[in-house]
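Colleague: From TrEMBL, here are the annotated features:
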BINDING   26-33, 144-147, 173, 181-184  ATP binding site
ACT_SITE  33  active site, proton donor
BINDING   57, 150  (R)-pantoate binding site
BINDING   57  beta-alanine binding site
């Protein structure tokens, strides 16, 4: 396994690499990330994992500065997973100019759901992913369903900008109590960690009501948010959307996804649950 820090060296390696599967990350790897790597291993002999904390996708007052940088620990975790290359550029390598002069704007989704509460976030995500796709030139890229809105945006990016890349969605990894695996879970104190599975439990409750035939989506969303707020969460949103494209769900839609974002203490958690009626 090689650790590569420059675009030039990565491109030189890529020329002779054959089929490549790519897993982009911000590091601080956990079992959810490793599940992406294992899925990638089924699809190509050469796996590239990028580790880069992308300033462009963090807003003012968010956790860019305190986001854990754990490259050596991450490399240790990847060493037994058949990874060919860790691409770990510094900020100057990916963004050589004082300001990023060109950005990717995902117009249909960047101001909804998480985008409504994190202005510019998905512009930053789409821009860095496009850059990484151009650098790595993967045949396949694996993304987790936990970041469902991000996944939808990346699918649209690949389709609309004609990237010859297969996007592979991977199911959300969860702790035994149902909490979605996330690098930000480590921000939770002991009490918050005990309460954190409530987010997924509320999504499961909404899913059960949908499966029972309840089509009053607005009431279901409002009741779920009220339940979380009553338990001490600060809810950004709970919404039921069409799974295919994250359009607002309509009566008669069969494949749905319930998405939620809420804060527990200082930590913002997101989760989602797919429902097929």
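Cβ from N, Cα, C; glycine included.
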Colleague: How many whole Å apart are the CA atoms of residue 33 (active site, proton donor) and residue 173 (ATP binding site)?
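Modeller: Here the two Cα atoms are 9 Å apart.
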Colleague: On a C-alpha basis, identify the one among 26, 29, 183 that is nearest to residue 150 ((R)-pantoate binding site); the candidates are the binding-site residues.
Modeller: 26
Colleague: Enumerate same-chain residues with a sequence separation of six or more from residue 173 (ATP binding site) and a Cβ-Cβ distance below 8 A; give 'none' if the list is empty.
Modeller: 30, 31, 32, 35, 144, 146, 180, 181
Colleague: Do you know offhand how many angstrom separate residue 26 (ATP binding site) and residue 57 ((R)-pantoate binding site) by C-alpha?
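Modeller: The Cα atom of residue 26 (ATP binding site) is 11 Å away from the Cα atom of residue 57 ((R)-pantoate binding site).
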Colleague: I need the CA-to-CA distance for residue 145 (ATP binding site) versus residue 57 ((R)-pantoate binding site), whole Å please.
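Modeller: Checking the Cα atoms of residue 145 (ATP binding site) and residue 57 ((R)-pantoate binding site) gives a distance of 18 Å.
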Colleague: Could you give the Cα-Cα distance between residue 29 (ATP binding site) and residue 57 ((R)-pantoate binding site), in whole Å?
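Modeller: Pair distance, Cα basis, whole Å: 18 Å.
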Colleague: Do you know which of the recorded positions 26, 33, 145, 183 has the most other C-beta atoms within 10 angstroms of its C-beta?
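Modeller: By the 10 Å Cβ neighbour count, 33 comes out on top.
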Colleague: Sorted by position, what residues of the same chain at least six away from residue 57 ((R)-pantoate binding site) have a C-beta under 8 A from it?
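Modeller: Once residues fewer than 6 apart are set aside, residue 57 ((R)-pantoate binding site) is near 120, 121, 122, 123, 124, 125, 128.
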Colleague: Please classify the secondary structure at the residue listed as 'active site, proton donor' using three-state DSSP.
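Modeller: Reduced to three states, the DSSP call for the residue listed as 'active site, proton donor' is helix.
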